[in-house]
Amino acid sequence: MSTSSGRCLTVFRLRRPMDIFGSVSFSSSKSSTHLRGKSKSDSFHNIDDCLASFNLMLHSDPPSPIKEFSKLLSALVRMKHYATVISLAKQMEMEDKFGEAVDLFDDIVEKGYQPDVYTYTVIVNGLCKIGKTTVAFGVLKRMVEEGCEPNVVSYSAIIDSLCKDRFVTEALDLFLKIKSEGISPNVVTYNTLIRGLCMSSRWKEAFMLLHQMLRANVTPNIITFNTLVDGLCKEGKVSKARDVVKLMMQGGIQPHVITYNSLMDGY
């Protein structure tokens with residue numbers, strides 16, 4: 001990894017692109033036109049040009065065409081700034097512009113970039129967010145084949161995607177699989193599954209999972225309890241929802257406005 005790539009990766013993890021280029025006046029028509037002109041050409045000669053143009057494109061109104069992002073990322077691949085490509089892909093994921101970045105993943109691997117668990121997790125999470133759960137599974141398989149062990153974040157992204165697609169049984173199967181492999185689910189994993197079970201009206205399993213969560217010393221949070229309360233109230237089970245609120249308060253978590261709104265909607 002080059003020094004500049006490593007530096008950019010660190011910066012982009014900590015700060016949004018607009019913060020980095022605060023010295024550039026995007027309200028200035030001159031500088032905006034200059035950068036926009038660069039974003040619509042293939043003539044990126046250095047990483048600063050790429051990053052400045054990426055920042056403008058990501059926040060432009062109307063949005064820049066996806067093909068312009070592809071040109072920019074391809075230029076970074078040619079310059080062998082592979083870590084920066086992954087870092088920018090993460091930003092595109094946050095802005096729902098991830099699809100094009102995925103297409104370059106195989107390319108940068110073929111050119112010698114060795115993905116780590118962070119890189120793979122960015123790709124897996126992004127694929128899940130754009131509804132490509134099957135492809136994300138393929139990336140996980142490849143990850144294992146390359147000797148890079150997926151972590152709980154990687155698996156939680158797929159579990160979340162499966163639950164959103166109403167494949168809750170498959171999500172539970174994956175949950176059991178990762179536990180058998182010694183990977184400890186975290187509060188996000190449990191919350192995702194509890195939400196999926198509630199959406200499918202599988203209340204008994206949802207509460208079993210809550211108790212399993214407690215036995216595993218994973219502390220439920222406000223999201224855990226609000227998910228249960230909201231789901232129960234939508235099914236007209238207000239009495240059980242109130243029991244959950246009592247359990248929540250016994251655990252030292254105070255009801256939130258969302259909790260009370262759910263209870264009111266249940267009556």
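Placed from the backbone N, Cα and C atoms, the Cβ positions cover glycine too.
What TrEMBL records for this protein:
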| type | residues | note |
| --- | --- | --- |
| REPEAT | 116-150 | repeat 'PPR' |
| REPEAT | 151-185 | repeat 'PPR' |
| REPEAT | 186-220 | repeat 'PPR' |
| REPEAT | 221-255 | repeat 'PPR' |
Please spell out the DSSP helix, strand and coil residue counts for the repeat 'PPR' (186-220).
26 helix, 0 strand, 9 coil
Secondary structure content, the repeat 'PPR' (221-255) (per DSSP, counts of residues):
26 helix, 0 strand, 9 coil
Please list, for the repeat 'PPR' (151-185), how many residues fall into helix, strand and coil according to DSSP.
26 helix, 0 strand, 9 coil
